[in-house]
Amino acid sequence: EEITAHSSNVSSLVLGKSSGRLLVTGGDDCRVNIWSVNKPNCIMSLTGHTTPIESLQINTSEELIVAGSQSGSIRVWDLGAAKILRTLLGHKANICSLDFHPFGSFVASGSLDTNIKLWDVRRKGCVFRYKGHTEAVRCLRFSPDGKWLASAADDHTVKLWDLAAGKIMFEFTGHTGPVNIVEFHPNEYLLASGSSDRTVRFWDLEKFQVVSCIEEKANPVRCVLFNPDGCCLYGGFQDSLRVYGWEPERCFDVVLVNWGKVADLSICNSQLIGVAFAQNTVSSFVVDLSRVTKSDSVPHGLVRDDEPLVPPTPTGSSLRRIYDRPLTSCSKPQSRVKHNSESERRSPSSEDDRDEKESKAEIQNPEDYKEIFQPKNAICRTPPRNNEPFPAPPEDEPVAAKDAAKPSQAADVQTPLPPQELVRTVWPRPPIASSTPLSRAEPSVIPAARNEPIGLKASDFLPAVKNQSQTELVDEEAMSQIRKGHETMCVVLTSRHKNLDTVRAVWSTGDIKARNSVDSAVAINDLSVVVDLLNIVNQKASLWKLDLCTIILPQIEKLLQSKYESYVQTGCTSLKLILQRFLPLITDILAAPPSVGVDISREERLHKCKLCYKQLKNISNIVKSKSGLSGRHGSAFRELHLLMAVLE
């Protein structure tokens, strides 16, 4: 199918990977248009950018869209609410690549200014900036477990970043041209990269070495996609779809598809959907994967008839244990993450507000919009309707590769072992929230914002009415009933006020730690006092010291397990502040070699770091167990789990 997508040239497009039906296009007319692949009418048009769209991405649930423009601005839209969610400013040149984190509310962006930035969509701020590339960053991909970020750039390199440590894990070199494609294997520690030098390389992410290299003589690959079960890699070329294996390198099948500038691939219902663009039109193509060879029979193209195949590595020799690999197997980090200054992190609120007011979502096809997006916000007890596959194309003769083996010669070719026998370490998956009730009963969470006391009703304080017709009560009788619990409540509030006065008196005499104000708050053994104190301390980061962390961390462990939402929020805020300011210091001190001689101050600092590390390890188990929760709490715990990944 072919549609006219924009009034001017199409500059970027992307397919939704979950459904395979959602198509998003960006054009030189500064608009972002949303389509259903099997329908010719535009569903929604998003405006707000003032320069042409350079890059697009859809999140896993297909609820958010992020678009980057030539000016360096990034906008995030909520499709269900049909409105702009965030405007992110910070890059100084074109946005060349974008990707959503698979689990958290984070977006990675790569730019012509050679910088990579990690954004927190909820707080519309830049979390980290990664520097290391010397030319434009053309492609970004998060690993399936969300711990790594792969980047490909015009400087002929692919870099693998450790998000928790904020540094380069390894730099892959070998391409002789700009690298514009990078893709993680869905299950194994394997990375594929494509370059304008007409090669596709496969990299082992445990041994940090090239597994194989596929070289095509005709055209460079434009996009790649692993099969969902990881058995093969699909490569989209200007005139064909090629199916590759990598141990050893071979071409399983070639399908002639004259799609031109193919930009993205997706798989749904055993069909591969590809989209391409030319000027202001977008074309979609469908390939029936049931008629495509995805495993060894007679390899095509890359294996010559007169050359016997080298048997792949025997089963078991490819076992890789990512967590046990020696430290020497990884190259020395070449650059550390650079934390942005406060002014760089904070977007100008007035400018953001103006941009968000100017940005809008125009629903041009209400019926399709309600059908596609609205059901996501409603609770329905009936199973969701599965997408019907596209009509199958007519049967035709299979297309042979250019170097396909002849029948008489193919009999002499040794058949290699099936690639399924090669075992790799699989990506660990974080816990996913499920609607199935858990076996253990979680305490009910008491919300922070409420209009009435929890567990108290006015009827509990009033005498029972014997006669239903007698609805009026004498004032004296009603007041006497209400006063029954008044004295008890006054005692509780007076005690809390006295405790806070004690802490304030100690604080006002000098330094917060030196004068033991925090110790006094903890000694009172009242979490409400600790919460009130932390709400003040969290607003001034300069008050935090390493010895203060040793006192606060045990209290944070209690707050994270509290049934009160406000307590959990305060605990998460304090823990995030400690992780950002002190975790790199703690890990560096613990990893440092022992000093020569006696250094009392260093020994004290080492003791505090060991104590903090032990407490953080205990808290990390709580954070990990709660990272599968839904809603605001789940997002906060998943963010903390990402920051604490270095402890695992």
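Each residue, glycine too, has its Cβ placed from N, Cα and C.
Note: TrEMBL annotation is automatic and uncurated.
Annotated compositional bias 'Basic and acidic residues' per TrEMBL: 339-373, in sequence order.
Per TrEMBL, the feature domain 'Katanin p80 subunit C-terminal' maps to 484-644.
Residues annotated as region 'Disordered' in TrEMBL: 297-445.
Feature annotation from TrEMBL assigns repeat 'WD' to 3-45 (among others). Sequence-distant neighbours of the repeat 'WD' (3-45) (same chain, 6+ residues past either end, Cβ-Cβ under 8 Å): 51-58, 60-62, 65, 67, 69, 77, 79, 82, 263-269, 271, 273, 275, 277-284, 361-365, 368-369, 372, 387, 390.
Along the repeat 'WD' (46-87), the predicted structure has mean pLDDT 89. As annotated by TrEMBL, repeat 'WD' applies to 46-87 (among others).
According to TrEMBL, the feature repeat 'WD' maps to 88-129 (among others).
The repeat 'WD' feature in TrEMBL is assigned to 130-171 (among others).
TrEMBL lists 172-213 (among others) with the feature repeat 'WD'. Helix, strand and coil counts under DSSP for the repeat 'WD' (172-213) come to 0 helix, 25 strand, 17 coil.
With DSSP states grouped into helix (H, G, I), strand (E, B) and coil, the repeat 'WD' (3-45) comes out at 0 helix, 23 strand, 20 coil.
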